[in-house]
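Quick look at what TrEMBL lists:
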{"type": "BINDING", "residues": "75, 76, 77, 78, 79, 80, 133, 134, 146, 155, 173, 174, 175, 176", "note": "NAD(+) binding site"}
{"type": "BINDING", "residues": "188, 251, 268", "note": "Zn(2+) binding site"}
{"type": "DOMAIN", "residues": "71-183", "note": "domain '3-dehydroquinate synthase N-terminal'"}
{"type": "DOMAIN", "residues": "185-328", "note": "domain '3-dehydroquinate synthase C-terminal'"}
Ligand SMILES: NC(=O)c1ccc[n+]([C@@H]2O[C@H](COP(=O)([O-])OP(=O)(O)OC[C@H]3O[C@@H](n4cnc5c(N)ncnc54)[C@H](O)[C@@H]3O)[C@@H](O)[C@H]2O)c1
Ligand SMILES: O=C(O)C(=O)C[C@@H](O)[C@H](O)[C@H](O)COP(=O)(O)O
Ligand SMILES: [Zn+2]
């Protein structure tokens, strides 16, 4: 095993380590065996990930003397719903999974969000460990304890805050990830740099190609920096009373894109990419953000092949979708605005019409 980065999410007695590096998957069994009472272990994954990385994880667990079961859920955002969750409850009950069990989420953000909500609710809460295998899950979704499924009307509308007890990020797992998924994860990297790490943004401007080609040293550095930003924000505001909403940069727009296109046309990261450009444009109009910032962000995203234009829907459809955001309070939508690279602010003062104007301006030109 090469060098391992460790980041701690500091939440008092619920603090947990994030282990980042090549070969970290092999540590999972030993970690589990150190937990009190040799837990039953359930891996929640999907077939695409299971066929590539399931055996390596199971070997580590079995070598530590523990029994392990695996359940695969269907692949795709359109299956991140209550039906999938219901299937998991049925399978867990049939296999007599006990509350003392540990659920391992092996996969991308969808597996992580669904498995996490399952772990939070099955018998009122089992153990939970994240083993993320997409760039997006490694830089963002495996950390911080947001778990959820979608409702047809809106993203992540049914969920819970439920922190993992540990996160094992084996960067080797990215070797089998399709290019489109690498790019989607990259959008959350750009987001993280924009909201909290200006040096990371410069690193991306310099080493973007190396990151997208999954150069091991660049990947490890970028994943560790993103986890450090997320750990800092989550440690300060676990339940999104305020500051944590910064991690939602681009998402007020992005989630509306996903819901209106029925979770089928865009990967989450792609919808976020569109949202990031919109958040910059909105900041240009209401904060006087320099257009050059929007251009730098757009360049990073388009160079990775990410979309930066909205699909075409009527103003009324955008209005309805934006108002279903979980950050809405007393009917006012909360927007995350870019003040400068590495520095974002929250505002509830933006008229919804201004945001919809930006969407209209950035809508795809129909051919
Ligand atoms: N909880 C959070 O804080 C948080 C943060 C960001 C995103 N999310 C959620 O995460 C989801 C998106 O996650 P995602 O981008 O990882 O998508 P995903 O989970 O759909 O994974 C992307 C695709 O890659 C495949 N895959 C995963 N790992 C692989 C590997 N190593 N090799 C080959 N194929 C692999 C999957 O089967 C899937 O087809 C969205 O639902 C989003 O809302 C949650
Ligand atoms: O961890 C957070 O907080 C985030 O907002 C991270 C986002 O990248 C992620 O997509 C999250 O699931 C969105 O949360 P939601 O509360 O807007 O559903
Ligand atoms: Zn996201």
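Numbers run from 1 along the shown chain.
Glycine residues also receive a Cβ, built from the backbone N, Cα and C atoms like all the rest.
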Which Cβ among the binding-site residues (79, 146, 251, 268) has the fewest C-beta neighbours inside 10 Å?
79
Near ligand 2, meaning Cβ under 6 Å from any of its atoms: which of the binding-site residues 75, 77, 79, 133, 173, 175 fit that description?
none
Using CB atoms and a 10 A radius, I'd like the single residue among the binding-site residues 133, 173, 175 with the highest neighbour count.
133
For the domain '3-dehydroquinate synthase N-terminal' (71-183), what's the model's average pLDDT?
97
Shortest C-alpha distance to residue 75 (NAD(+) binding site) - which of the binding-site residues 188, 251, 268:
268
Go through the binding-site residues 77, 79, 133, 146, 175 and tell me which ones have a CA within 10 A of the CA of residue 268 (Zn(2+) binding site).
77
Mind checking which of 75, 77, 188 has the fewest other CB atoms within 10 A of its CB? They're the binding-site residues.
75
Filtering 79, 133, 175, 251 (binding-site residues) by proximity to ligand 1: which pass a Cβ cutoff of under 6 Å to any of its atoms?
133
I need the neighbours of the Zn(2+) site defined by 188, 251, 268. Which other residues of that chain put their C-beta within 8 angstroms of the C-beta centroid, in sequence order?
136, 140, 187, 191, 250, 254, 269, 271, 272, 275
